[in-house]
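Participant: There's a structure below that I have some questions on.
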Amino acid sequence: MNKQQKPKRSPLRPDYLVIVIIILLAIGMYFFFTEMMAPKVKQFDEFEFIAAIESGQIATVRSEYVGGDNFNLWEVTGTFTTGNAPEGVGSYVIILYGDRLNNIQDIIITYNELNPSTPITVSFVPHVSVDFWNIISTLLLIAAPIVLVVIMFRSMSSQSNKAQDFTKNRAKLSQGRKVKFSDIAGADEEKAEMAELIDFLKNPKKYADMGARVPKGVLLVGQPGTGKTLLAKAVAGEAQVPFFSISGSDFVELYVGVGASRVRDLFKVAKQSAPCIIFIDEIDAVGRQRGAGMGGGNDEREQTLNQLLVEMDGFSANLGIIIMAATNRPDVLDPALLRPGRFDRQITMQVPDQKSREEILKVHARSKKLDPTIKFSEVAMRIPGFTGADIENLLNEAALLAARESRTVISMQDIDEAADRVTMGPAKKSRKYSPNEKKMVAYHEAGHAVIGLKVNLASTVQKVTIVPRGRAGGYALYTPVEEKFNYAKSELLAMITSALGGRVAEEIMFDDVTTGAYDDFKRATKLARSMVTEYGMSDLGPIQYESDSGNVFLGRDYLKDKNFSDAVALEIDREVRAIITECYEHARKVINENKNLLDNIAKYLIAVETLTKTDIDEIAATGQLQWWDNREVEEDSKKSE
């Protein structure tokens with residue numbers, strides 16, 4: 001398809017019309033200045049010329065034939081003797097008939113006989129000589145307007161072609177290495193769903209004979225980075241068919257009708273390449289519900305969507321064209337786009353679980369030099385919620401860190417640091433705590449660790465650190481005991497208790513509090529409110545008080561439906577406060593019962609600054625951190641020596 005599109009002219013390439021104008025100006029200026037700078041020529045009549053010869057004013061005479069077959073004309077030119085040239089004049093010229101030239105020659109012969117010391121030099125050119133410069137300049141003056149007219153017509157034609165190119169589709173035909181299913185990990189169910197599409201593209205006759213209709217459109221739904229585009233490429237790579245990819249925003253332009261024209265052109269090209277796959281990324285840019293949003297609809301977008309609907313439902317089911325699209329906002333799509341016969345199948349790309357993350361790590365590690373001792377299962381456990389794109393970025397960051405330190409392989413330490421950089425930002429090593437501030441941050445993070453160790457169903461603390469990153473002075477990395485689709489009320493209460501552990505530790509140990517619990521409160525309040533208004537986990541009963549409004553404003557749901565009274569709103573606030581208070585008191589009770597553990601974890605945090613799960617478990621079991629204590633002993637012994 002790209003071959004049909006004319007190559008675009010470089011922005012640095014000058015316009016042909018400008019070049020022609022510059023050339024014409026240069027020629028005109030050349031002749032103008034040549035004329036201005038050239039010495040003046042005296043034009044004689046015959047009697048003046050004879051008088052000048054007889055008075056000794058003429059030094060040279062050059063006769064050149066300039067007439068044709070019917071006119072015996074001669075051009076006589078020459079120079080004056082010294083001191084006899086008129087002011088500003090360098091030469092003379094006179095045109096004579098042949099018989100009059102003979103008379104002039106006789107006069108010159110007589111003059112030379114009388115003045116042998118200062119004779120007139122005579123030269124004779126019997127044939128016409130060609131003046132190439134005059135011919136070239138004449139031809140240029142004749143040809144320039146013709147060339148100018150031709151270029152103007154070509155420019156007009158080019159503008160017309162540009163207008164046509166403006167309405168052509170911008171889909172790109174995928175070339176180069178084909179993506180295969182082996183390049184995709186952690187999406188076994190999604191790949192199985194796509195298997196029949198691949199079989200249809202390879203063996204369409206088998207389905208046609210059975211009277212089966214393969215889905216015309218497949219909509220891939222999922223969070224950003226879950227592999228929607230990669231899966232679509234893999235389907236095309238496995239089926240060995242052309243793959244046309246385009247973004248939804250490429251259809252929409254300022255001018256009404258352009259998007260619809262591009263849709264028509266896209267399907268025209270696809271029919272010529274069938275069987276093939278058309279992939280529309282971010283289809284919500286063009287497929288958003290018609291008439292929705294502030295200010296009503298958008299004529300250009302709606303016309304484009306209408307044309308897309310017609311094309312999807314208009315071509316024959318046996319053409320072998322499958323439409324695939326991706327979006328992370330299926331709620332904003334027009335219902336007509338999702339009905340059977342168009343996008344009649346939806347495949348949800350889930351955020352990978354621990355097993356899937358491990359498989360994805362193995363795929364992205366193929367091109368990386370990793371330490372053989374690294375266990376992918378441990379890495380996968382430490383990065384809950386990471387998508388495939390996040391994992392690729394994680395390993396790339398780890399590779400950059402290893403290369404920066406001139407190491408030959410990527411270590412587990414590099415991966416840990418990369419995970420921290422991806423989630424929280426780079427460490428702010430230049431920022432220094434005051435001793436009191438460092439102690440408060442250490443006890444805050446130690447409070448989270450104690451709750452994770454002592455509260456049943458609380459998430460496991462994989463790491464705590466007091467190294468500042470981003471806006472956080474320190475943070476604790478949690479991983480759930482088990483990744484689930486559904487969570488019990490007791491598990492949600494444990495999550496809230498874990499979030500409040502840091503503030504409780506500050507209050508108990510310092511009888512003061514800091515702003516460090518800002519994000520903890522945000523997470524705890526959101527969970528508690530969801531328990532009351534969405535999950536029915538309060539005394540208000542199994543009623544959903546808040547839900548998505550379903551109204552799309554500028555592509556995003558800004559509002560929540562309020563289907564309850566102000567009195568109920570007050571009850572909701574009381575229930576949320578009751579949940580937070582209950583969890584806060586529970587955290588206080590646990591911290592008070594485990595003050596020694598809190599002190600030990602905080603003590604080592606102040607010294608080491610970062611503790612792993614292994615370190616925390618050792619401190620909880622023995623009250624010590626052996627590797628650090630041994631290191632302290634060695635340093636003390638060196639100082640004493």
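Numbers run from 1 along the shown chain.
The backbone N, Cα and C atoms fix where each Cβ goes, and this holds for glycine too.
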Participant: With HIS444, HIS448 listed by Swiss-Prot as binding Zn(2+), identify the candidate in ASP371, ASP519, ASP520, ASP539 belonging to that site.
Facilitator: ASP520
Participant: CA-CA, which of the recorded positions HIS444, GLU445, HIS448, ASP520 lies nearest GLN223 (ATP binding site)?
Facilitator: ASP520
Participant: By CA distance, which of the recorded positions (HIS444, GLU445, HIS448, ASP520) lies nearest to GLY227 (ATP binding site)?
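Facilitator: Nearest listed residue in space: ASP520.
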Participant: Given a separation of at least six residues and a C-beta threshold under 8 Å, show me what packs close to PRO224 (ATP binding site) in the same chain.
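Facilitator: Result: ASN328, THR387, ALA389.
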Participant: Would you mind listing, in sequence order, the residues at least six apart from HIS444 (Zn(2+) binding site) in the same chain with a Cβ closer than 8 Å to its Cβ?
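Facilitator: Listed in sequence order: GLY474, GLY502, ARG503, ALA505, GLU506, THR514, GLY516, ALA517.
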Participant: Closest of the recorded positions to GLY225 (ATP binding site), Cα to Cα, picking from GLU445, HIS448, ASP520?
Facilitator: ASP520
Participant: What does DSSP call GLY222 (ATP binding site) in the simple three-state scheme?
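Facilitator: Assignment for GLY222 (ATP binding site) reads strand.
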Participant: Can you see whether DSSP assigns GLY227 (ATP binding site) to helix, strand or coil?
Facilitator: coil
